[in-house]
(Lines of atoms letter the chains of each structure in order from A and count residues from 1; the text may use other names and numbers.)
(Lines give C-alpha, C1' and ligand atoms only; values in the text may rest on other atoms or scores of the structure.)
Protein backbone atom coordinates (compact mmCIF):
# COMPACT_ATOMS: atom_id res chain seq x y z
CA UNK A 1 0.00 0.00 0.00
CA UNK A 2 1.33 3.46 -0.95
CA UNK A 3 1.26 5.66 2.15
CA UNK A 4 3.10 8.61 0.63
CA UNK A 5 1.31 11.95 0.67
CA UNK A 6 0.06 13.17 -2.72
CA UNK A 7 2.19 15.94 -4.23
CA UNK A 8 -0.81 18.23 -4.64
CA UNK A 9 -1.75 17.80 -0.97
CA UNK A 10 1.79 18.62 0.17
CA UNK A 11 1.82 21.77 -1.95
CA UNK A 12 -1.55 22.92 -0.65
CA UNK A 13 -0.46 22.42 2.97
CA UNK A 14 2.51 24.75 2.65
CA UNK A 15 2.14 27.79 4.83
CA UNK A 16 1.89 31.11 3.05
CA UNK A 17 4.44 33.73 4.13
CA UNK A 18 2.97 35.68 7.02
CA UNK A 19 4.96 38.86 6.33
CA UNK A 20 6.30 40.29 3.08
CA UNK A 21 9.20 41.92 4.93
CA UNK A 22 10.46 42.69 8.45
CA UNK A 23 12.60 45.65 9.52
CA UNK A 24 13.74 47.09 12.85
CA UNK A 25 13.96 50.81 13.53
CA UNK A 26 17.25 52.60 14.19
CA UNK A 27 17.65 51.53 17.84
CA UNK A 28 15.86 48.13 17.57
CA UNK A 29 13.20 49.29 20.04
CA UNK A 30 10.43 48.61 17.48
CA UNK A 31 9.99 46.57 14.33
CA UNK A 32 7.53 46.84 11.46
CA UNK A 33 6.11 44.12 9.22
CA UNK A 34 4.66 44.48 5.72
CA UNK A 35 1.42 42.68 4.87
CA UNK A 36 -0.80 41.95 1.89
CA UNK A 37 -3.29 44.48 3.24
CA UNK A 38 -1.15 47.03 5.13
CA UNK A 39 1.48 47.00 7.85
CA UNK A 40 1.90 46.54 11.61
CA UNK A 41 4.32 47.92 14.19
CA UNK A 42 5.40 46.11 17.37
CA UNK A 43 7.43 47.00 20.40
CA UNK A 44 10.46 44.69 20.42
CA UNK A 45 10.74 43.80 24.11
CA UNK A 46 8.39 43.38 25.81
CA UNK A 47 6.47 42.33 22.72
CA UNK A 48 3.37 44.48 22.25
CA UNK A 49 1.41 45.65 19.23
CA UNK A 50 1.73 49.41 18.76
CA UNK A 51 0.01 50.08 15.44
CA UNK A 52 -1.99 48.18 12.84
CA UNK A 53 -2.83 49.85 9.54
CA UNK A 54 -5.16 48.11 7.09
CA UNK A 55 -5.69 49.44 3.57
CA UNK A 56 -8.91 48.76 1.70
CA UNK A 57 -9.58 48.30 -1.98
CA UNK A 58 -10.30 51.54 -3.80
CA UNK A 59 -13.80 51.75 -5.28
CA UNK A 60 -12.69 54.33 -7.88
CA UNK A 61 -9.30 52.81 -8.77
CA UNK A 62 -9.59 49.05 -9.28
CA UNK A 63 -5.91 48.72 -10.26
CA UNK A 64 -4.74 49.92 -6.85
CA UNK A 65 -4.33 47.07 -4.42
CA UNK A 66 -3.57 46.91 -0.69
CA UNK A 67 -0.20 45.13 -0.50
CA UNK A 68 2.83 46.71 1.20
CA UNK A 69 6.11 44.99 0.37
CA UNK A 70 8.50 46.99 2.54
CA UNK A 71 8.35 49.28 5.58
CA UNK A 72 10.93 51.33 7.47
CA UNK A 73 10.32 53.39 10.60
CA UNK A 74 11.97 56.66 11.62
CA UNK A 75 12.83 55.82 15.23
CA UNK A 76 9.47 55.91 17.09
CA UNK A 77 8.03 58.87 15.19
CA UNK A 78 4.89 59.03 13.05
CA UNK A 79 6.86 58.82 9.78
CA UNK A 80 7.01 55.43 8.04
CA UNK A 81 8.53 54.62 4.64
CA UNK A 82 6.33 52.38 2.47
CA UNK A 83 6.95 50.51 -0.78
CA UNK A 84 4.28 48.48 -2.57
CA UNK A 85 4.45 44.70 -2.83
CA UNK A 86 2.56 41.44 -2.62
CA UNK A 87 -0.01 40.03 -5.02
CA UNK A 88 -1.84 43.34 -5.37
CA UNK A 89 0.59 46.18 -4.56
CA UNK A 90 -0.84 49.41 -3.23
CA UNK A 91 2.02 51.36 -4.81
CA UNK A 92 4.39 50.70 -7.68
CA UNK A 93 7.59 48.87 -6.75
CA UNK A 94 9.64 51.88 -7.88
CA UNK A 95 7.70 54.41 -5.79
CA UNK A 96 8.62 55.45 -2.23
CA UNK A 97 5.89 56.78 0.04
CA UNK A 98 6.52 58.54 3.36
CA UNK A 99 3.38 57.91 5.42
CA UNK A 100 2.48 60.32 8.22
CA UNK A 101 0.41 58.27 10.64
CA UNK A 102 -0.47 61.36 12.66
CA UNK A 103 -2.12 62.99 9.64
CA UNK A 104 -3.17 59.63 8.17
CA UNK A 105 -1.91 60.51 4.71
CA UNK A 106 1.01 60.28 2.29
CA UNK A 107 3.27 63.32 2.75
CA UNK A 108 6.23 62.54 0.42
CA UNK A 109 6.35 60.61 -2.86
CA UNK A 110 9.51 59.71 -4.80
CA UNK A 111 9.62 57.79 -8.09
CA UNK A 112 12.63 55.99 -9.54
CA UNK A 113 13.70 54.19 -12.70
CA UNK A 114 14.05 50.76 -11.03
CA UNK A 115 12.62 48.80 -8.11
CA UNK A 116 13.38 49.93 -4.56
CA UNK A 117 15.42 47.39 -2.59
CA UNK A 118 15.99 49.20 0.70
CA UNK A 119 15.29 52.52 2.43
CA UNK A 120 17.03 54.31 5.31
CA UNK A 121 15.59 57.29 7.15
CA UNK A 122 17.05 59.98 9.37
CA UNK A 123 15.69 63.32 10.46
CA UNK A 124 17.95 64.89 7.84
CA UNK A 125 18.09 62.57 4.84
CA UNK A 126 16.28 59.82 2.92
CA UNK A 127 18.58 57.12 1.51
CA UNK A 128 17.03 54.96 -1.22
CA UNK A 129 18.77 51.79 -2.43
CA UNK A 130 17.84 50.67 -5.94
CA UNK A 131 19.00 47.65 -7.96
CA UNK A 132 22.30 49.23 -9.04
CA UNK A 133 22.41 52.67 -7.43
CA UNK A 134 21.95 54.70 -4.24
CA UNK A 135 20.09 58.02 -4.25
CA UNK A 136 20.16 60.43 -1.30
CA UNK A 137 17.63 63.22 -0.66
CA UNK A 138 16.90 65.87 1.92
CA UNK A 139 14.04 64.89 4.25
CA UNK A 140 11.57 67.67 3.46
CA UNK A 141 8.23 68.24 1.74
CA UNK A 142 9.91 68.57 -1.66
CA UNK A 143 12.98 66.32 -1.37
CA UNK A 144 16.09 67.45 -3.25
CA UNK A 145 18.95 65.16 -4.24
CA UNK A 146 22.06 66.20 -2.31
CA UNK A 147 24.81 64.42 -4.26
CA UNK A 148 25.40 62.43 -7.46
CA UNK A 149 23.96 58.94 -7.74
CA UNK A 150 26.23 56.29 -6.18
CA UNK A 151 26.83 53.11 -8.18
CA UNK A 152 26.78 49.70 -6.48
CA UNK A 153 26.86 46.09 -7.73
CA UNK A 154 23.48 44.53 -8.58
CA UNK A 155 21.45 44.14 -5.37
CA UNK A 156 24.44 45.27 -3.31
CA UNK A 157 24.15 45.47 0.48
CA UNK A 158 24.04 48.99 1.98
CA UNK A 159 23.93 50.28 5.55
CA UNK A 160 23.50 53.76 7.01
CA UNK A 161 23.63 55.09 10.57
CA UNK A 162 23.38 58.50 12.22
CA UNK A 163 25.65 59.02 15.21
CA UNK A 164 27.58 61.61 17.18
CA UNK A 165 31.24 62.33 16.51
CA UNK A 166 31.95 61.92 20.24
CA UNK A 167 32.35 58.18 19.60
CA UNK A 168 35.41 58.98 17.47
CA UNK A 169 36.91 61.55 19.82
CA UNK A 170 38.37 61.79 23.28
CA UNK A 171 36.50 63.37 26.16
CA UNK A 172 38.54 66.58 25.76
CA UNK A 173 36.95 67.29 22.40
CA UNK A 174 33.45 65.86 22.98
CA UNK A 175 32.08 69.32 23.74
CA UNK A 176 32.49 70.14 20.04
CA UNK A 177 30.88 66.94 18.76
CA UNK A 178 28.59 67.00 15.75
CA UNK A 179 26.19 64.67 13.98
CA UNK A 180 27.74 62.19 11.54
CA UNK A 181 25.91 60.20 8.87
CA UNK A 182 27.95 57.15 7.93
CA UNK A 183 27.04 55.13 4.84
CA UNK A 184 28.80 51.93 3.72
CA UNK A 185 28.33 50.04 0.45
CA UNK A 186 30.26 47.65 -1.84
CA UNK A 187 32.40 49.11 -4.60
CA UNK A 188 31.08 48.81 -8.13
CA UNK A 189 34.58 48.90 -9.63
CA UNK A 190 36.68 46.48 -7.57
CA UNK A 191 35.44 43.10 -6.32
CA UNK A 192 35.70 42.65 -2.56
CA UNK A 193 36.07 46.34 -1.74
CA UNK A 194 33.68 48.54 0.21
CA UNK A 195 33.32 52.30 0.37
CA UNK A 196 32.59 54.30 3.51
CA UNK A 197 31.43 57.93 3.46
CA UNK A 198 30.08 60.57 5.82
CA UNK A 199 27.15 62.54 4.39
CA UNK A 200 27.97 65.44 6.69
CA UNK A 201 31.22 65.89 4.74
CA UNK A 202 29.57 66.63 1.40
CA UNK A 203 31.47 69.38 -0.37
CA UNK A 204 29.55 71.86 -2.51
CA UNK A 205 30.97 73.96 -5.31
CA UNK A 206 29.42 77.42 -5.67
CA UNK A 207 29.79 77.19 -9.45
CA UNK A 208 27.93 73.89 -9.76
CA UNK A 209 24.45 72.73 -8.75
CA UNK A 210 23.97 70.59 -5.66
CA UNK A 211 23.64 67.41 -7.69
CA UNK A 212 27.31 67.72 -8.65
CA UNK A 213 28.45 68.01 -5.03
CA UNK A 214 31.36 65.79 -4.02
CA UNK A 215 31.01 63.03 -1.43
CA UNK A 216 34.48 62.01 -0.16
CA UNK A 217 34.69 58.24 0.37
CA UNK A 218 37.31 55.92 1.81
CA UNK A 219 37.98 52.51 0.26
CA UNK A 220 38.52 49.34 2.30
CA UNK A 221 39.82 46.11 0.77
CA UNK A 222 37.66 43.65 2.67
CA UNK A 223 37.56 40.32 0.78
CA UNK A 224 38.77 38.56 -2.35
CA UNK A 225 35.25 37.46 -3.31
CA UNK A 226 32.22 39.70 -3.98
CA UNK A 227 30.72 41.38 -0.91
CA UNK A 228 27.54 39.75 0.37
CA UNK A 229 26.65 41.86 3.42
CA UNK A 230 27.72 45.17 5.00
CA UNK A 231 26.69 46.29 8.49
CA UNK A 232 27.61 49.33 10.61
CA UNK A 233 27.51 49.58 14.39
CA UNK A 234 25.30 52.24 15.97
CA UNK A 235 28.29 54.40 16.90
CA UNK A 236 29.46 54.49 13.28
CA UNK A 237 32.97 53.41 14.28
CA UNK A 238 32.99 49.87 12.85
CA UNK A 239 31.79 48.14 9.70
CA UNK A 240 31.32 44.36 9.46
CA UNK A 241 31.62 42.60 6.10
CA UNK A 242 31.28 39.11 4.69
CA UNK A 243 31.67 37.74 1.18
CA UNK A 244 29.57 35.31 -0.85
CA UNK A 245 31.84 32.56 0.50
CA UNK A 246 30.36 33.09 3.98
CA UNK A 247 33.26 31.65 5.97
CA UNK A 248 34.96 34.79 7.32
CA UNK A 249 33.53 37.94 8.88
CA UNK A 250 35.84 40.94 9.06
CA UNK A 251 35.37 44.12 11.09
CA UNK A 252 37.08 47.35 10.04
CA UNK A 253 37.40 50.81 11.51
CA UNK A 254 35.36 53.38 9.58
CA UNK A 255 37.81 56.07 10.70
CA UNK A 256 41.01 54.73 9.10
CA UNK A 257 40.00 51.43 7.45
CA UNK A 258 42.21 49.22 9.62
CA UNK A 259 41.21 45.63 10.34
CA UNK A 260 39.92 45.33 13.92
CA UNK A 261 38.81 41.69 14.04
CA UNK A 262 38.49 38.64 11.82
CA UNK A 263 36.08 35.88 12.80
CA UNK A 264 35.39 32.49 11.26
CA UNK A 265 31.80 31.31 10.96
CA UNK A 266 32.76 27.88 9.61
CA UNK A 267 34.79 25.99 7.03
CA UNK A 268 32.15 25.19 4.41
CA UNK A 269 30.44 27.79 2.24
CA UNK A 270 27.26 29.45 3.51
CA UNK A 271 24.94 32.28 2.56
CA UNK A 272 25.09 34.83 5.39
CA UNK A 273 21.86 36.80 5.15
CA UNK A 274 21.81 38.77 8.42
CA UNK A 275 24.34 40.46 10.73
CA UNK A 276 23.69 42.87 13.58
CA UNK A 277 25.92 44.70 16.08
CA UNK A 278 24.83 44.85 19.72
CA UNK A 279 23.89 48.32 21.07
CA UNK A 280 27.36 49.12 22.45
CA UNK A 281 29.15 47.33 19.62
CA UNK A 282 30.74 44.67 21.82
CA UNK A 283 29.12 41.72 20.01
CA UNK A 284 28.07 40.76 16.50
CA UNK A 285 25.20 38.36 15.75
CA UNK A 286 25.41 36.44 12.47
CA UNK A 287 22.86 34.21 10.70
CA UNK A 288 23.31 32.08 7.58
CA UNK A 289 21.12 29.82 5.46
CA UNK A 290 22.19 26.96 7.71
CA UNK A 291 19.93 28.62 10.32
CA UNK A 292 22.68 28.72 12.94
CA UNK A 293 22.91 31.86 15.07
CA UNK A 294 26.49 32.83 15.98
CA UNK A 295 27.54 35.43 18.56
CA UNK A 296 31.03 36.90 18.14
CA UNK A 297 32.76 38.88 20.91
CA UNK A 298 34.47 42.02 19.56
CA UNK A 299 35.53 43.51 22.88
CA UNK A 300 34.64 43.10 26.54
CA UNK A 301 34.82 46.51 28.16
CA UNK A 302 34.97 50.17 27.25
CA UNK A 303 37.89 52.38 28.20
CA UNK A 304 36.16 55.11 30.20
CA UNK A 305 39.12 57.50 29.88
CA UNK A 306 38.93 57.71 26.08
CA UNK A 307 35.40 56.35 25.57
CA UNK A 308 36.79 53.77 23.14
CA UNK A 309 36.37 49.97 23.07
CA UNK A 310 39.12 47.87 24.63
CA UNK A 311 39.75 45.39 21.80
CA UNK A 312 42.73 43.91 23.62
CA UNK A 313 40.36 42.14 26.03
CA UNK A 314 38.23 40.56 23.33
CA UNK A 315 37.82 36.82 23.51
CA UNK A 316 36.44 34.04 21.38
CA UNK A 317 36.60 30.29 21.10
CA UNK A 318 39.39 28.53 19.24
CA UNK A 319 39.56 25.24 17.38
CA UNK A 320 39.94 22.17 19.67
CA UNK A 321 43.01 20.99 17.69
CA UNK A 322 44.84 24.31 17.90
CA UNK A 323 46.97 23.33 20.89
CA UNK A 324 47.74 19.85 19.56
CA UNK A 325 48.96 20.57 16.03
CA UNK A 326 52.28 22.47 15.93
CA UNK A 327 52.66 25.52 13.75
CA UNK A 328 54.13 24.80 10.35
CA UNK A 329 53.62 25.08 6.64
CA UNK A 330 51.05 22.28 6.64
CA UNK A 331 48.94 23.61 9.53
CA UNK A 332 45.52 24.83 8.26
CA UNK A 333 44.85 28.53 8.75
CA UNK A 334 41.42 27.97 10.23
CA UNK A 335 42.99 26.41 13.35
CA UNK A 336 44.26 29.87 14.32
CA UNK A 337 40.93 31.56 13.59
CA UNK A 338 38.70 33.19 16.20
CA UNK A 339 35.31 31.50 16.38
CA UNK A 340 32.02 32.53 17.95
CA UNK A 341 31.71 32.53 21.74
CA UNK A 342 28.40 30.68 21.41
CA UNK A 343 25.96 29.50 18.77
CA UNK A 344 22.59 27.83 18.49
CA UNK A 345 21.03 25.83 15.69
CA UNK A 346 17.60 27.39 15.32
CA UNK A 347 14.36 25.45 15.08
CA UNK A 348 10.84 26.59 14.40
CA UNK A 349 8.86 25.98 17.62
CA UNK A 350 5.61 25.46 15.70
CA UNK A 351 7.12 22.81 13.45
CA UNK A 352 8.70 21.08 16.45
CA UNK A 353 5.24 20.62 17.91
CA UNK A 354 4.34 18.46 14.88
CA UNK A 355 7.45 16.27 14.94
CA UNK A 356 5.33 13.26 15.83
CA UNK A 357 3.73 13.52 12.40
CA UNK A 358 6.59 11.98 10.43
CA UNK A 359 4.90 12.66 7.12
CA UNK A 360 5.39 16.38 7.54
CA UNK A 361 9.00 16.45 8.77
CA UNK A 362 10.57 16.94 5.35
CA UNK A 363 8.09 19.64 4.35
CA UNK A 364 8.55 21.53 7.63
CA UNK A 365 12.34 21.37 7.42
CA UNK A 366 12.37 22.65 3.86
CA UNK A 367 10.06 25.52 4.77
CA UNK A 368 12.18 26.47 7.77
CA UNK A 369 15.47 26.54 5.85
CA UNK A 370 13.86 28.81 3.26
CA UNK A 371 12.58 31.18 5.94
CA UNK A 372 14.51 34.37 6.76
CA UNK A 373 14.56 36.51 9.89
CA UNK A 374 15.81 39.86 11.17
CA UNK A 375 17.86 40.42 14.32
CA UNK A 376 17.16 43.12 16.87
CA UNK A 377 19.05 43.60 20.14
CA UNK A 378 17.35 44.32 23.44
CA UNK A 379 18.83 46.97 25.71
CA UNK A 380 18.33 47.26 29.45
CA UNK A 381 17.51 50.87 30.33
CA UNK A 382 19.10 50.35 33.75
CA UNK A 383 22.35 48.93 32.36
CA UNK A 384 23.15 50.07 28.84
CA UNK A 385 26.55 48.36 28.88
CA UNK A 386 24.92 44.93 29.10
CA UNK A 387 24.34 43.32 25.70
CA UNK A 388 23.06 39.83 26.46
CA UNK A 389 19.65 39.44 24.82
CA UNK A 390 18.36 39.65 21.26
CA UNK A 391 15.16 39.08 19.31
CA UNK A 392 14.58 37.25 16.03
CA UNK A 393 11.51 37.95 13.88
CA UNK A 394 10.84 35.40 11.14
CA UNK A 395 9.32 36.58 7.88
CA UNK A 396 7.51 33.50 6.58
CA UNK A 397 6.40 31.84 9.82
CA UNK A 398 5.70 35.08 11.72
CA UNK A 399 7.53 33.90 14.84
CA UNK A 400 9.03 36.24 17.47
CA UNK A 401 11.83 34.68 19.51
CA UNK A 402 13.97 36.05 22.34
CA UNK A 403 17.41 34.60 23.07
CA UNK A 404 19.71 35.34 26.00
CA UNK A 405 23.47 34.82 26.30
CA UNK A 406 24.27 32.99 29.53
CA UNK A 407 27.50 31.88 31.13
CA UNK A 408 27.88 28.12 31.21
CA UNK A 409 28.32 26.41 34.52
CA UNK A 410 31.89 25.24 35.08
CA UNK A 411 31.60 21.79 36.59
CA UNK A 412 34.44 19.60 37.77
CA UNK A 413 33.66 16.16 36.39
CA UNK A 414 35.94 14.51 38.96
CA UNK A 415 33.99 15.95 41.88
CA UNK A 416 30.64 14.37 42.68
CA UNK A 417 30.08 15.30 46.34
CA UNK A 418 29.65 18.82 47.74
CA UNK A 419 29.47 20.14 51.27
CA UNK A 420 26.43 21.97 52.61
CA UNK A 421 28.21 25.34 52.45
CA UNK A 422 29.53 24.81 48.93
CA UNK A 423 27.68 26.06 45.84
CA UNK A 424 27.60 24.16 42.58
CA UNK A 425 28.51 27.41 40.87
CA UNK A 426 31.19 28.80 43.13
CA UNK A 427 33.37 31.36 41.40
CA UNK A 428 36.29 30.42 43.68
CA UNK A 429 36.40 26.92 42.22
CA UNK A 430 36.94 28.24 38.70
CA UNK A 431 40.41 27.43 37.46
CA UNK A 432 42.74 30.35 36.95
CA UNK A 433 43.06 31.30 33.32
CA UNK A 434 40.18 29.09 32.28
CA UNK A 435 38.18 30.80 29.50
CA UNK A 436 34.58 31.71 30.18
CA UNK A 437 32.14 29.63 28.16
CA UNK A 438 28.80 30.94 26.97
CA UNK A 439 25.59 29.51 25.60
CA UNK A 440 22.54 30.80 23.73
CA UNK A 441 19.20 29.96 25.32
CA UNK A 442 15.77 30.69 23.92
CA UNK A 443 13.92 32.48 26.69
CA UNK A 444 10.51 32.81 25.02
CA UNK A 445 8.71 32.77 21.71
CA UNK A 446 5.38 33.84 20.30
CA UNK A 447 3.49 33.62 17.03
CA UNK A 448 2.52 37.07 15.73
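The backbone N, Cα and C atoms fix where each Cβ goes, and this holds for glycine too.
Residues or ranges marked as compositional bias 'Basic and acidic residues' by Swiss-Prot: 424-435. Taken from Swiss-Prot, the feature N-linked glycosylation site applies to 61, 155, 256, 280, 315, 421, supported by sequence analysis. Residues or ranges marked as region 'Disordered' by Swiss-Prot: 416-435. Annotation comment: Swiss-Prot describes 222-262 as repeat 'WD 1'. The feature repeat 'WD 2' is assigned by Swiss-Prot to 267-306.
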Cβ distance under 8 Å to residue 155 (N-linked glycosylation site), same chain, sequence separation 6 or more: which residues?
-> 117, 131
Within the repeat 'WD 1' (222-262), how many residues are helix, strand or coil going by DSSP?
-> 0 helix, 22 strand, 19 coil
Pop the Cα-Cα gap between residue 280 (N-linked glycosylation site) and residue 61 (N-linked glycosylation site) into the table, whole Å please.
-> 48
Here are the glycosylation sites: 61, 280. Which has the lowest count of other Cβ atoms within 10 Å?
-> 61
Taking DSSP H, G, I as helix and E, B as strand, the repeat 'WD 2' (267-306) contains 0 helix, 20 strand, 20 coil
Hey, how far is residue 280 (N-linked glycosylation site) from residue 256 (N-linked glycosylation site), Cα to Cα, in Å?
-> 20
If you run the three-state DSSP split on residue 155 (N-linked glycosylation site), which class comes out?
-> coil
Cβ neighbours within the same chain of residue 256 (N-linked glycosylation site) - under 8 Å, at least six residues apart | none
